[in-house]
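Lifted from TrEMBL, the feature list:
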TRANSMEM  7-25  transmembrane segment
DOMAIN    7-139  domain 'EamA'
TRANSMEM  31-52  transmembrane segment
TRANSMEM  64-82  transmembrane segment
TRANSMEM  88-111  transmembrane segment
TRANSMEM  120-139  transmembrane segment
TRANSMEM  151-170  transmembrane segment
DOMAIN    152-285  domain 'EamA'
TRANSMEM  182-200  transmembrane segment
TRANSMEM  212-233  transmembrane segment
TRANSMEM  245-263  transmembrane segment
TRANSMEM  269-286  transmembrane segment
């Protein structure tokens, strides 16, 4: 129970780290292509993760059969997700992308039901739907734009949803055999090696990097990529994919707050109401999911107790 409580607190911190990510990434993308930014971000984060890994777990051995899964984690969660998200911005408004990304927990619940035969309650389904509406209120979405976007934009946004779910489930499964630091280390190493050829050919001149952009990249690396993925892998291992996915719906709330704090963007009463809706509905789903898992664990333990 204490382990889960700690994981919840860490995931709340992750939402804050990644909420600030949007603010700083927006500035860096002014001179960098998305995949170049990802390369720099993960390279800086890799240094932090390597320090943590070798100070905690020097003897961990990577199983050869898990290498393809590490590569899949890199492609789905650290490359494809962000590439789809950034590219979709060329076709549809960011507000619509945010709404579509709010379907991550809903898809996670469906995957658990269809693939893993896990049940979900009416409260979970209703809470997820209300949470999506809350996200729409926070970002002030105009639903009339749903019919004005291009098909490829929606396809890319839903591609991000599917790729992030794939990452969550693969990581949750493989992480049972590794510490969080080792899991994150292997994922980031694969990501850097995959992105290296592209980054070498598309990186801008060093004169383009201002102190503000450099500082932003350092934060993105240490905070968002390094600490962020260490926390996420831990959360997936302890809480599971669905509960961890629910925290992604807090991102519009924290991103809006940091936009107000650092960029001077306005926040209205309606957005505050939307934020409260997101928080309450997400808590309902998380609590309901936790109850179901506790009941499942009790059913597994009882036969042993009888013996």
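Residue numbers in this text run from 1 along the chain shown.
Keep in mind that glycine also has a Cβ here, set from the backbone N, Cα and C atoms.
TrEMBL does not curate its annotations; it predicts them automatically.
On a predicted model such as this, the values are computed, not experimentally measured, just so you know.
Counting only same-chain residues 6+ beyond the ends of the transmembrane segment (31-52), those with a CB under 8 A from a CB of the stretch are 25, 78-79, 82-83, 86-87, 181, 184-185, 188-189, 191-192, 195-196, 198-199, 202-204, 208-209, 213, 217-218, 220-222, 224-230. For the transmembrane segment (182-200), same-chain residues at least 6 beyond its ends with a Cβ under 8 Å from one of its own Cβ atoms are 35-36, 38-40, 42-43, 45-46, 49-50, 53, 57, 60, 62, 70-71, 73-75, 77-79, 171, 174-175, 225, 229-230, 233, 237. Residues 10-11, 13-14, 17-18, 20-21, 24-25, 27-28, 30-31, 37, 40-49, 52, 78, 171, 175, 180-181, 183-184, 187-188, 244 of the same chain lie 6 or more positions beyond the ends of the transmembrane segment (212-233) yet place their CB under 8 Å from a CB of it. Broken down with DSSP, the domain 'EamA' (152-285) shows 121 helix, 0 strand, 13 coil. The domain 'EamA' (7-139): residue composition by secondary structure is 107 helix, 0 strand, 26 coil, according to DSSP.
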